[in-house]
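According to TrEMBL, the protein has these features:
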- Phe11, Ala42, Leu43, Glu44, Val66, Val67, Ile68, Asn98: 5-amino-6-(D-ribitylamino)uracil binding site (BINDING)
- Glu71, Thr72, Arg112: (2S)-2-hydroxy-3-oxobutyl phosphate binding site (BINDING)
- His74: active site, proton donor (ACT_SITE)
Amino acid sequence: MAKFLIVEARFYDHLNDMLVAGATAALKAKGHEVEVITVPGALEIPGTISMAAEAQIYDGFVAIGVVIRGETYHFEIVAGESARGIMALTMDGIAIGNGILTVENEAQAIVRADPKQKDKGGEAAIAAMALLNLQNRFN
Ligand SMILES: Nc1c(NC[C@H](O)[C@H](O)[C@H](O)CO)[nH]c(=O)[nH]c1=O
Ligand SMILES: CC(=O)[C@@H](O)COP(=O)(O)O
């Protein structure tokens, strides 16, 4: 059994609830322990995972959030920089699944967040578990 931390940017409550439920269910189905930390927005996720990884309490991480395009360039910053930060941590060997939705509208987000539809939270958890398995294999 491993210990996973879900770091969720709680920007849209109803969408987050579905993503976190999907991720939690996937991790618990494999017998893992799950904790959840909430941060204000997707831009805070990589830094939070970095701090948590330094603490050496968790074996893996799932990033959860929703970024919906607005009127300005802000979407590109939040979507791109959160993904870039997560990828940088992944390249450092930290087992992370990226479950941050980057979508055009709420309808797209609902389909992807819902565990009974695309279940992107569950998908991110499965990715995190896969990376942890690889980490254990190579270390
Ligand atoms: N617009 C969205 C944000 N924006 C907030 C940033 O992530 C960040 O919290 C702020 O700039 C302070 O550093 N975050 C999301 O998760 N989703 C959005 O759609
Ligand atoms: C992430 C976004 O683009 C959004 O929340 C911000 O909207 P806007 O660009 O209209 O300020």
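Glycine is treated like the rest: Cβ placed from N, Cα and C.
A quick note: this is a predicted structure, and the numbers were derived from the prediction, not measured.
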For Asn98 (5-amino-6-(D-ribitylamino)uracil binding site): intrachain residues, at least 6 apart, with Cβ closer than 8 Å: Ala63, Ala83, Ile86, Met87, Ala124, Ala127
Recorded (2S)-2-hydroxy-3-oxobutyl phosphate site residues Glu71, Thr72, Arg112, farthest C-alpha pair in Å: 23
Maximum Cα-Cα separation (Å), residues Phe11, Ala42, Leu43, Glu44, Val66, Val67, Ile68, Asn98 listed as binding 5-amino-6-(D-ribitylamino)uracil: 16
Binding-site residues near ligand 2 among Ala42, Val66, Val67 (Cβ under 6 Å): Val67
Neighbourhood of ligand 1 - binding-site residues from Glu71, Thr72, Asn98, Arg112 with Cβ under 6 Å: none
Structural state of Leu43 (5-amino-6-(D-ribitylamino)uracil binding site), classified by DSSP into three states: helix
Alpha-carbon spacing, Thr72 ((2S)-2-hydroxy-3-oxobutyl phosphate binding site) to Phe11 (5-amino-6-(D-ribitylamino)uracil binding site), which is rounded to whole Å: 17
